[in-house]
Amino acid sequence: MALPHITIFATGGTIAGSASSNTQTTGYKPGAIGIQSLIDAVPAITDVAIVTGVQVTNFRSTEITSPILLEICQGINTALESDECQGVVITHGTDTLEETAFFLSLTLRSPKPVVLVGAMRPATAISADGPINLLQAVTLAACKEATGRGPLIVLNDRISSGYYTTKTSASALDTFKAPEQGHLGYFDNNKPKFFYTPALPVGLQYFDVTSKTDLPQVDIVYGYQGLNPNIILEHIKLGAKGIILATMGNGGWTVAGMEVVDRVIKDGIVVVYSHRSQDGTVSLAKDISISSGLLRPEKSRILLQLALSAGYTSEKIKSMFEI
Ligand code: ASP
């Protein structure tokens, strides 16, 4: 049987990282190795798919910006439009992988498999996790059962939702989790196994970004004891069109800070209340006009960027976050 064609979009990260010794697992250079070398290092890939590598960027994922996300999305859309391409893999740094996965969940419409993959140990380390992760990602992208599930994340033998998953540990290999929603599946001897039939997240929005080259600036302001209430004004001076509050608990913000928030809302800035806690929701209340619901600040930021870019009113944005 002919092998499926898979396109790998490479962006860098630890999976392409190089260190001076094979015991070094921090302080290395992420995004040092090209995609063809990563593919060549895993000959077993040729047993599961015919792969084509596209080097989009090669640096650590802290450097990914909205224009790069748009370029990746448009590249994937073009690749998936061809009958030949059965699925796509994106190699990515784990630090902001969840943001790219969430963005793609909102902007890709093709039911074909899209799999994001990274690594926690550089390619030069003993027991590097990148090669097996890459093999599993290509295998998953080539697998019919992965269709219609939105973008997926593969790491440490687990398959997770690109919409819900978050990096829960700054250093452990089993970092990608969605504590409330769980994993979607796992690998058994390089065979992907799913716990559930295909489903998409409840209330998933779709944004057409075909002709976009950038998105509006939305900043996250983190809440803590002794917060400077005026910090939001500085973000607005620096160009923010929307603000996400990483609130304390269920929408907690300081009294003085709330007064500033109310003022900027009257001036037309959209402010969304999210939470600095890993899970849970912010409930709507008299003084909380827009709640991010389940979404953490970094995902809320992307959703608000897309909504502002689409020209949504604050009423529409509010109902969009409420789903
Ligand atoms: N430490 C990161 C990683 O795991 C580096 C990055 O996000 O690019 O890939």
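FYI, residue positions are counted from 1 along the chain as it appears here.
Cβ coordinates are placed from backbone N, Cα and C, and glycine is handled just like the others.
Since we're looking at a predicted model, the values are computed, not measured.
Features of the protein shown, as given by TrEMBL:
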DOMAIN    5-198  domain 'L-asparaginase N-terminal'
ACT_SITE  Thr14  active site
ACT_SITE  Thr14  active site, O-isoaspartyl threonine intermediate
BINDING   Ser61, Thr94, Asp95  substrate binding site
ACT_SITE  Thr94  active site
DOMAIN    217-321  domain 'Asparaginase/glutaminase C-terminal'
Handout entry: Averaged pLDDT score, the domain 'L-asparaginase N-terminal' (5-198)
Key = 96
Handout entry: Most distant Cα pair in Å, residues Ser61, Thr94, Asp95 binding substrate
Key = 7
Fill in the blank from the handout: Quick note, Asp95 (substrate binding site): same-chain residues at least 6 apart with CB under 8 Å of its CB -> Gly13, Arg60, Ser61, Thr62, Lys167
Handout entry: Separation of alpha carbons, Thr94 (substrate binding site) and Thr14 (active site) (Å)
Key = 7
Practice task
Give me the non-local Cβ neighbours of Thr94 (substrate binding site): same chain, 6+ apart in sequence, Cβ-Cβ under 8 Å, ordered along the sequence.
Solution key: Gly13, Thr14, Ser61, Gly118, Ala119, Met120, Leu155, Lys167, Thr175, Phe176
Problem - Check: same-chain CB within 8 A of substrate site center, minus Ser61, Thr94, Asp95 - result: Gly13, Thr14, Pro30, Arg60, Thr62, His92, Gly93, Thr96, Leu97, Gly118, Lys167
Handout entry: recorded positions compared (Thr14, Ser61) - the one with the fewest other Cβ atoms within 10 Å
Key = Ser61
Exercise for the section: Please list, for the domain 'Asparaginase/glutaminase C-terminal' (217-321), how many residues fall into helix, strand and coil according to DSSP. Expected result: 40 helix, 22 strand, 43 coil
